[in-house]
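Annotated transmembrane segment per TrEMBL: 47-65, 71-89, 128-145, 151-167, in sequence order.
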Amino acid sequence: MEFEEMKKIWDNQTNQPMYAIDQDALQQRVSKRKNKAKNIASYTEKALAGALGLSGLAIVAVNVFTGKYEVTSLIMAVLMLVMATYVLVNRSKRLKWNNTFDNSILGELEEAIAHANYQVRLSQSGRWFFFIVAGFTVLSTYSTTADIPKTIIVIAFFVVVYFLAKWEHKTFYVSQKQRLLDMKKKLQELEVV
């Protein structure tokens, strides 16, 4: 006799499901995933804002101390500082809606999905901003034909970094969001939430 047949017989005889869901274990699992998504978003924001802010300030400092005010590097520095500010403003917004969800399994799962969705958007915007930084870096690297080998190395570096960032985006952020959405769908099918 197969499991499905046994389940039907059991359900008909007892009017109770053959299996039970441990609500506490489920709550802990959802809370763990929520905290993981929240921590990843928080760490990414801090690392990104810090790296962009320090890099932008370093570029400005180099231009000031050397007395060479290169337009492309100054534009890149300003864009880096703007992007760092953008990340910090979005962090502030995220922290405001943090913990505003229901205090239930579904509420915590919704919060985890919101954090994962935020992380996916942050990763996508970071990848688009990457093209701007790469473009200005290549422009500031290339000034004469003697700089062609150096420029080719810089371009190769940015190509490798882009593909690594794309891999990270799909492997970690998009897949985490999808796992959370699958978990929500499964819980709704089981009518647990």
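Quick reminder: no glycine exception, Cβ is built from N, Cα and C everywhere.
Sequence-distant contacts of the transmembrane segment (151-167) (same chain, at least 6 residues past either end, Cβ-Cβ under 8 Å): 123, 126-127, 130, 134, 137-138, 141-142. Nonlocal intrachain contacts for the transmembrane segment (128-145), taken as residues 6+ away from its ends with a CB within less than 8 angstroms of a stretch CB, comprise 70, 72-73, 75-76, 79-80, 83, 151, 154-155, 158, 161-162, 165. Within the chain, the transmembrane segment (47-65) has long-range Cβ neighbours (under 8 A, six or more residues past its boundaries) at 73-74, 76-81, 83-84, 87-88, 91, 122, 126.
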